[in-house]
Amino acid sequence: MNMSSYANCISGTIPSSSEVQAEKGISLNTQTCPTRIRPKTMSSAASIVRRTINHRPKDNGGSVKVALRLRPRNSEELENDADLTDYVELLPEMKLLRLRKNNWDYEEFEFDEVLDETVSQKEVYDVVMKPVVKAVLEGYNGAVIAYGSAGTGKTFTLANLGKENYADRGVMVRSIEDILDDFSFGQDSVSVSYLQLYLEAVKDLLAPEKGNLAITEDPETGDISLPGATSVELKDRTSFLDLLTAGDANRNLPDSKMNIESTRSHTLLLVEVRKTVKGKQGKYLTASYDGGVSLQTSISNDALTIKKSKLWIVDLAGSEIRENKSGNEGLSFDEAKFVNLSLTALGRSFHAFAEGASRTSLIITIGPSLRHKVDTRNSILFGQRAMKAENMRRVKDDFDYETLCRDLQAKVDQLTAENERQSNLVFDAEKRLKRITEEVELTIQKSERQAKALLEESHAKILLIQKENMESIKKLKQECHQLEKDLNENTRKFCTQNECVALEKTQIEDEISRKQQEMEECLQEYHRELSDIIARIDKECIQRQSVERRLKELEDQMKARKRNLNVPK
């Protein structure tokens, strides 16, 4: 459900599927939902514009933070207010709002935050709720209150569960998500109560059968509490959504002409946060016991500091000033009367409320229609009065003395048990030592007897071994003498053999030299004979050629003669 469908939702109109947008980057059609509602151009005759300026008082760090949120126009307003003059103008960058009186006069109001109709649920949470949640996690109390006339989007801003569109989650769901993200299982706890104030009676929405709950005040601390209210410890976001769904089913939701789904009751979500941190250094606790024994324990090491904080998220009923405007009669008239009575009391006592050790943020929701200008202006003035209130914040640190006492008693019991255990250990050790001593003495006597027998046996073995060694040494000496003799003989033979080998080597070398010389001589003789043969062959070749020439000449002469003989005469 996006911001444009948000206007239809709180007026009872079902949004179309095309109106579902992402949580970031929301784009609105300026024809159906204008980005800013500006007054019409003033007459040129009005040369001087009169205005009444309501500036935000100087903030000393403890003031109630007030944010104003403008609901976009719904389809009914776009149709019926088309001919009416615009009444509201927002200047978010200057954190200003202007209410127009006429063409030349308007009122100007300054707030801590001014959120126009294009602002997403996440942006509202970041600027309004997130600082309060951070303070709660640091140990401060915190409160966020939505104030405005019926149909301006208080419940959408605070309690929307985001079932149709995850991005439309209200500050209730988002704050629990941040708190659980900082949650340490086993040490911290987060519990919630969901209540309704209707016809001056407090109803437990998580257990409606309880009836009207009593409100009590601690005379010492001044803390306000509802002892009978159901408090459920949370483990995850899903369980919280289930609780809100069950609680919303038990709310009183009568219809009125202002908004067919507007509730005529105040709803309160109380979130109690308990965080465990280490104790501060330098603090000690001394406990005395019978017999003058004292035990000093350092809180920084053994005690736990519990930071307790509460977060109130309040969805107020519609702040219509005139009962007949909502068309209520009978029981509805009584509802409106009690609602306006409680809202008036809230406005008168806002300073006292702000002194409740909490960081407080107020969301003023308004609509853009000129027809509701009286309620719009009264909501704005309520926000201006709230901005003058100041918070006196303090961290509520409690030492868990019960846990500390239990820890000290546990330590005493532990030390006593340890002392008894040590005494029993010493007695048992003495018994074991005596038994072990006797066993050791018997073992020593037995070992001495065994050692004596082993010594005698070893002495006999040593004598036998010495005798065997003497015989072995004598035999080894004889073998060594024979080996020396054999070695000398072999050496002499080896020398003789070497001399023979050297002689034979010399003879062989001489023979080889002689053979080489003979071979060289044979080669030389062979070369000489070969040369002679070649010379004779050459000579014979020449002679043969000469003979062949001579034979050829003879053959030619014979052929010539033959021809001559054959010639006829």
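Including glycine, each Cβ sits where the backbone N, Cα and C put it.
Around Lys154 (ATP binding site), a 10 Å sphere centred on its CB holds 30 further CB atoms from the protein chains shown. The feature ATP binding site is assigned by TrEMBL to Gly148, Ser149, Ala150, Gly151, Thr152, Gly153, Lys154, Thr155.
According to TrEMBL, the feature coiled coil maps to 405-564.
As a whole-number mean, the pLDDT of the domain 'Kinesin motor' (63-379) in this prediction is 77. For 63-379, the entry in TrEMBL reads domain 'Kinesin motor'.
Looking only at the binding-site residues Ser149, Thr152, Thr155, the densest Cβ neighbourhood within 10 Å occurs at Thr152.
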